[in-house]
Amino acid sequence: MIPAVSLGDPQFTANVHDGIARITELINSELSQADEVMRDTVAHLVDAGGTPFRPLFTVLAAQLGSDPDGWEVTVAGAAIELMHLGTLCHDRVVDESDMSRKTPSDNTRWTNNFAILAGDYRFATASQLASRLDPEAFAVVAEAFAELITGQMRATRGPASHIDTIEHYLRVVHEKTGSLIAASGQLGAALSGAAEEQIRRVARLGRMIGAAFEISRDIIAISGDSATLSGADLGQAVHTLPMLYALREQTPDTSRLRELLAGPIHDDHVAEALTLLRCSPGIGKAKNVVAAYAAQAREELPYLPDRQPRRALATLIDHAISACD
């Protein structure tokens, strides 16, 4: 989810939000057909507030084609978002996190077993939706899902001893986040009838902007006015990019930070760890990576028609940078 973003022209913005609403409505309709034993669990988090990023990107990419409101666009957007919602269930179990989208997570409201099954059901529903699309579109969904699961496994296992930790982190970001957003753009553009080059360009743009947004979220979690990290978050084995950069420094402050992040952190020490992170070069270096990904995303814009959709995508790229400033 991201906060509401102005896309410029009011009518264009209204059309985009109508497209997102159709996707959300289809998701709710499909999940409402679940057996009563799991209906409440699988519907959790669908309407958690904010603008769902993957449906937004699907609908924006669809504006490049001649049929942006086609049913295939809605089905594809719903399938991708359901896959994302499924991973939220599984991620929170792995992370032992009690919040998701600023809402108590499935594993907190119910149990880990319930959360895993709810995630599985969302994946199954996504597959059912994707099966309504043509074989090429179905293949895009399947390949994105395979890449996503690979990223989840890579994140869970951690980097091998010979792999640079930052290189590992960025690869995971591309696999876990970039994969679905790239697929959102590719499907939105392809199913609305956009040209082949535009489809390729918007898919690459999506991968870059997805990475930028993911890192921005990691930065905001540390540097925001109301930082969202708990002691459990900070003590996780999987550190975020600002943390990884901060831990590479060789200073007394970094030595203390390394000591704090070596294991579970008592909540009494969270403020100290956040202060050390905020005073380190880690946040600035992570912001530079966000800017680099945003620049790569902008490189794709000249290959898209100079119309409102392109300007809206440019706004989205700018938002990725400004969000963490």
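Backbone N, Cα and C atoms are what each Cβ position is placed from, and that goes for glycine too.
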Swiss-Prot lists motif 'DDXXD motif' for one of the ranges 2-6, 117-121, 217-221, 317-321; which is that range?
217-221
Check the DSSP secondary structure of Arg217 (site 'Important for determining product chain length'), expressed as helix, strand or coil.
helix
Quick check on the binding-site residues: of Arg54, His84, whose CB has the lowest count of neighbouring CB atoms inside 10 Å?
His84
Quick one: Cα separation, Asp91 (Mg(2+) 2 binding site) versus His84 (isopentenyl diphosphate binding site), in Å?
10
Take the C-alpha atoms of His84 (isopentenyl diphosphate binding site) and Arg217 (site 'Important for determining product chain length') and report the distance between them in angstrom, rounded.
16
